[in-house]
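Relevant sequence annotations retrieved from TrEMBL are reproduced here:
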TRANSMEM  28-51  transmembrane segment
DOMAIN    34-440  domain 'Major facilitator superfamily (MFS) profile'
TRANSMEM  71-91  transmembrane segment
TRANSMEM  103-120  transmembrane segment
TRANSMEM  126-146  transmembrane segment
TRANSMEM  182-203  transmembrane segment
TRANSMEM  267-288  transmembrane segment
TRANSMEM  303-323  transmembrane segment
TRANSMEM  330-352  transmembrane segment
TRANSMEM  364-388  transmembrane segment
TRANSMEM  400-424  transmembrane segment
Amino acid sequence: MGASGGGGGGGAASSAPLLPRPGGQGSLAMVMASTGVAVLGSFVFGVAIGYSAPTQSKIRDDLQLSLSEYSFFGSIITIGAMIGAVASGYLADIAGRKGAMRISALVCIVGWLAIFFAQGAASLDFGRFCTGFGVGVFSYVVPVFIAEIAPKALRGGLTTLNQLLLCTGLSVTYIVGTIVTWRMLVIAGLVPCIILIIGLFFIPESPRWLAKVGRQKEFEIALQRLRGKHADVSLEAVEIREFIEAIERLPKGGVEDLFNRAYARPVVVGVGLMVFQQFVGINGILFYASETFVSAGFASGDLGTILMGCIQAPITAVGALLMDRSGRRPLLLISTSGLLIGSLMSGISFFLKNNGLYLEQVPIIALTGILVYIASYSIGMGAVPWVIMSEIFPINIKGIGGSFVTLVNWSGSWAVSFAFNFFMSWSSSGEPKKTPAMFS
C-alpha cells in the first residue's frame, strides 16, 4: 500500500557519524523517531484486537452479559474496522498521514473511555466500535506513513515494525489481562493513543503527501528533517516529484476495474488469500482465547493466554526475517501445514473430552494444539497475504484493489469472531450433532 520510488540523495562528506557521506542518507534519528511514534498505532491495534480474550469471563460476570451479547461485543470491532479501512484512504489524502493518525487516536480514546466507564452492553459496544474504526484507519495509514518517510534501503525493515508492534500489543494484552481488571486493561490502549497524539507534534508530515498536495516549501523542510540537517536531498526530492507526476498521469482505477478480465488474477489471488487467512479461524482464537482454554479443561485460561502472548511477537519477527530469504509461497506452505496440525490437535482434544477419554491429557493436547496453531499463523499466514497483496496489483488499481481486499478481510473477520462462541457451544470438537430425527 505504501508508495514506491524515491531513494536517498547524496550529501557532502563529513567525519561526523550522523552527517552524510557521499551517497549517504544523513541522520536517521528523525526517521526512527517518526517510525516509533507511528507504530504506537500498531500497538493500539494489537491491544484492541486482543482485549476481549483475557476479559471475557470477567466482563460477563461483572455486567451479566449473555453469550450472544459478549459475542456481539467481541465482533463489533471488525464492523468499525471495515468502516475505518474504507475511510482511511480518504482521510489520509485529505487530512494528511499525521492528521489521519491523530483522528484515529482521538476516536480510539473515546472508545477506550466508553469501555472503561461501561455499565452495560450498549456502552461496551459503542466503545468497541470506536476502537475498531480507529484501528481500521491505523491499519492503512501506519504502514503507508512509514514507507513514505523511510529511505529506500530501510523501507522494508521499518515497515515490518508495523506487524511486530501489532503482535507486541496482542502479547502485552494477553499477559497483563490475566493480572489486572478489565477496566484497568483499558489503560494499555489509552496511554499509547495519548503518547501518539503528543508525539505527532514533534515529527514531520510525509514528504510524499506534502508534494502530492502542492505544499512545496513544507515538502522540502520535512524531507530535510528526515534525512538530516546537512544531507543533500535534491536528488530524492526530484525523484519524489517525478514519481507523483507519473502517478497523476495514470488513469484512475474504479470499482468496475476489479471485474475487468485483465485484473482477474490479482483480484482472485488477493481475495483468496484474505478469505483463507480469516476462515482458518484465527480471530475466534485471538478474541476468545481465555474461555477456549477453560472449555478444554483448564481451571482458568490464564496460563494458555500468557503462553500465547509470549510466542507471538518473537515468531512474527522470525517470519519477517525469513520472508525475503525463503520466499512467500514456502512460508505460506509451512504456515498452513502447522495450522492444519494445530487445528487437528485441538479438535482431537475436544473429541476426547466429549467422550470421556484421556481426560488428564486433554488440556495439554489442547494447549499444545493452540500454541502450534498460533505459532504457525504468526510465522506466515498473518503477514504474508498482506505483503503479497501490496505486490500483485498494478499501480493504477492498487488503491481500489487494496480497499476491496481489506474489506473482504474484515468481513471474514467479523463472521468468524461473531460465530465462534456459538460454534464452540454447539460442538467444540467439530463433531456433527446427532438429532432425534436420525433415530426416528
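Just so it is clear, glycine is given a Cβ too, placed from its N, Cα and C backbone atoms.
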Counting Cβ pairs under 8 Å that sit 6 or more residues apart, are there three or more between the transmembrane segment (400-424) and the transmembrane segment (267-288)?
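Output yes: the transmembrane segment (400-424) sits against the transmembrane segment (267-288).
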So if I exclude everything within five residues of the ends of the transmembrane segment (303-323), which remaining residues of that chain have a CB under 8 angstroms from its CBs? That is, six or more out.
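Result: 53-54, 160, 163-164, 167-168, 170-175, 177-178, 289-290, 292-293, 331, 367, 370-371, 374-375, 378-380, 382-384, 387.
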When only pairs 6 or more apart in sequence are counted, do the transmembrane segment (364-388) and the transmembrane segment (267-288) reach 3 or more Cβ pairs under 8 Å?
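Result for the transmembrane segment (364-388) with the transmembrane segment (267-288) is yes.
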Counting Cβ pairs under 8 Å that are 6 or more apart in sequence, does the total for the transmembrane segment (71-91) and the transmembrane segment (126-146) reach three or more?
yes
Most CB pairs under 8 Å with the transmembrane segment (330-352): which of 103-120, 126-146, 182-203, 267-288?
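Answer is 267-288, with the largest number of Cβ pairs below 8 Å.
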Below 8 angstroms Cβ to Cβ, which residues of this chain, lying six or more residues outside the transmembrane segment (103-120), approach it?
41, 44, 48, 51, 63, 84, 91, 95, 126-135, 137-138, 141, 183, 186, 189-190, 193-194, 196-197
Is the transmembrane segment (182-203) packed against any residues at least 6 beyond its ends, judged by a Cβ distance under 8 Å, and which are they?
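Same-chain contacts beyond the flanks: 30, 33-34, 36-37, 40-41, 43-44, 47-48, 51, 54-55, 58-59, 62, 98, 101-102, 105-106, 108-109, 112-113, 115-116, 131, 134, 169, 172-173, 176.
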